[in-house]
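The following features are taken from TrEMBL:
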DOMAIN    16-217  domain 'Major facilitator superfamily (MFS) profile'
TRANSMEM  60-77  transmembrane segment
TRANSMEM  89-108  transmembrane segment
TRANSMEM  114-137  transmembrane segment
TRANSMEM  149-170  transmembrane segment
TRANSMEM  176-194  transmembrane segment
Amino acid sequence: MKMGTRMKDNFTNLFPQLVVAIWGSWGYFCMGSVRGRSSPGIPSQNSTMDFDMSPSDLQWISSFPMLGAILGSLFINKPMEYYGRKKALVGHYVVFICGFFISGFTHFGEHKSMLYIGRFLMGIAAGCTTPAAQIYVSECASPSLRGWMGSLTASSLVLGVWTTYIVGIFVEWHVLAWIFGCLPILFLCGGLTCKRKSKGSRNTWNAWPTTTASLLK
C-alpha cells in the first residue's frame, strides 16, 4: 500500500515537470529545423527558383541565421528578466513563425530579400531559444530530475535537424518552410495553455512539493 502511494506521489510530481520540460524544449526543435534547412533547401532552391540568385546569395542565406542568433541571444536577456521565462518563450515562437512564413512566401514574392529577412528572423528566434528554453526547463525541474530533463533540449535540437532532412526529401524548399512554420503555432498554443511560470532565482527548492503541485493548476 505504501509502495503504491509512493509511486502515485512520484508520478504526480514527475508528470507536470515532464510536460513543462517537453514544451520548453520544443524551441530547440525549431532551432534544429533552422539549422537543418540548408541541406535540403538549397538544392531545391537551385532547381525550382524562378528568380536570379548568385552562389554568394545562397551562402549568405545559409549564414544569416548565425548572425541573427548572435543578436537574439543578447536580446532575450531583458524579456526574460522583465516578463519571465515563459512569456519570453511564447514571444520567440512568434518570431519563428514570421521567419518561416516569410521564407516560404518568397516563392510568390520572387525576391531574394524576403529570404534574407526570413532567415535572419529565424536566427534571432534560434538565439533567443538557447538561453530561454534551457533556463526555463532547468528552473521548472526539481533538483533530482534537472539533469535528464535538461538533456531534452539537446535531444529536441537533433530531432529538429533530422526531421528537416527527412521532410526535405519529399517537398520543395518553400513547402518545407510552411510546414515548419506551422509547428511553432502548435508550440505557441501549448505555451498559452501551460500554467507554469518559472520564478528563476526567487524559487525556493525547499518548497518544491508545493511548487510541483501548482504546475497544472
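Keep in mind that glycine also has a Cβ here, set from the backbone N, Cα and C atoms.
Note that the structure is predicted; figures quoted are calculated from it, not measured.
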Do we see three or more Cβ pairs under 8 Å linking the transmembrane segment (60-77) and the transmembrane segment (114-137), pairs being at least 6 apart in sequence? yes
Across the whole of the domain 'Major facilitator superfamily (MFS) profile' (16-217), what does the mean pLDDT come to? Round it, please. 83
